[in-house]
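Reading through the C-alpha cells given below for one structure.
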Amino acid sequence: MEVIMGDHCHGKARVRVARRWKGAAANGGDCFKEWNAAAQVWCAANAKSYVSGDNSSVVATDSVKNACLLAAKSLAQPASCEDFAVAVATDLVARYPGMHTRCVVQVSEVPWVRVAEGGTPHEHGFVRCTAGGERFCEADARAEHGMEGMVRVTSGVRELRVLKTTKSGWEGFVRDGLTLLPDTSERMLASAVTARWTYGNGARTFKLGSPLPAVARDPAVGCYDACAAAVVEALKQAFYGPARDGKYSPGVQATLYEMGAAALKAVPGVEAVTLAMPNLHFNPLRLPKPVDVQFDDDIFVPVDEPHGQIEATVQRPKARM
C-alpha cells in the first residue's frame, strides 16, 4: 500500500510566561501580564522527519519554547497578548527563511487586574478578576514572496459570564410532535459568552532573515487591550440594557445580534465578531403537592447541561471571512 505525507506541523503548547515591566505604570509602579502560549510551525522539508526519521531540518520544540520566552523579553513596553503573539509568530518565520513558511501562535491571558486602595491604584498589587472574561488571541504569520512576510491577528474573550434575572422570554417558535417547551415571556437569561473578532486592516508585513522583526502597530486598532475592553463593555451593555429598566430579550439570537452590532459600533477597527452563547438555564422550582409551599419565581435550579448553544457572526457588509 502506498501512502504519502499530508499536512504537518509541530511546536510547543502550554508555554507559560509572566512578564513584569518595572516602573512602567502611570503611577510609577509595575505592569504585569501572564500568558499561556501554543506555537506551531510549518516546514515542508520536515516531512522527512516523519517518513525516514531525518530531523536535520527540524527546529526542536524546545527551541520554539525558547522563542516564546525571548519574544516576551523583547517587549520593552507593557504589551497585550496580541503583541506577544505577533512577536512569537513573526520571529519563528523570519528567523528561519526558506524553512518555516507559517507559524500560528495562540495565546490566552490570565486576568490579573491592578488593585486599588481608597481609589488609589496600587504600585505592585494585582488580583485575579474574571469579571471581564479571559482574553485570548491568535497570530498567523506566513512567508510570502521574496523576503517578506504577512501576519494577521484575531482577538477574543471567553468565559464572559453574564446573567439577568428578568426581561427575557422565548415565544412563537415551531410547534410539532417534538415540542414540550411552553412559551414564556418571563425567565432568567444567562450565558458564558465566547467572542472572537477580526480586524479590517488585513495583514501587516514584516521582513524575513533576522530574529524578532519589527512589525508596525495597526493604526486602526491602536492598543489591543483598549480595543478588547471596549468590545467587552459593548457586549455587556447590549446584553443588560439600561441600568434602570434593562431591555427585554425575545431570545438569545436577537440579543446575540444586538451584542455583535454594539461591538462593531464601539470599535471601528473591528471587521466581524463571532459570538458563541450557551443558554445556561435557571429553572423555576415547582415542587409537587403535598408540599404546601408556594414558589413565586424566587427559587431556581441552575442547569448547565444540556444547554442551548447559539452561535453567529455579525459583520460589516464587506467583511472578509
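Note: Cβ is positioned from N, Cα and C throughout, glycine not excepted.
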Quiz item: Where TrEMBL shows Thr61, Asp62, Val252, Gln253, Asn279 binding urate, which of Arg128, Arg135, Arg175, Arg187 is named for the same site?
Solution: Arg187
Quiz item: So of Arg187, His281, which of the recorded positions has the fewest other Cβ atoms within 10 Å around its own Cβ?
Solution: His281
Exercise. Could you list the residues of the same chain, at least six apart in sequence, whose Cβ is under 8 A from the Cβ of Thr61 (5-hydroxyisourate binding site)?
Key: His10, Gly11, Lys12
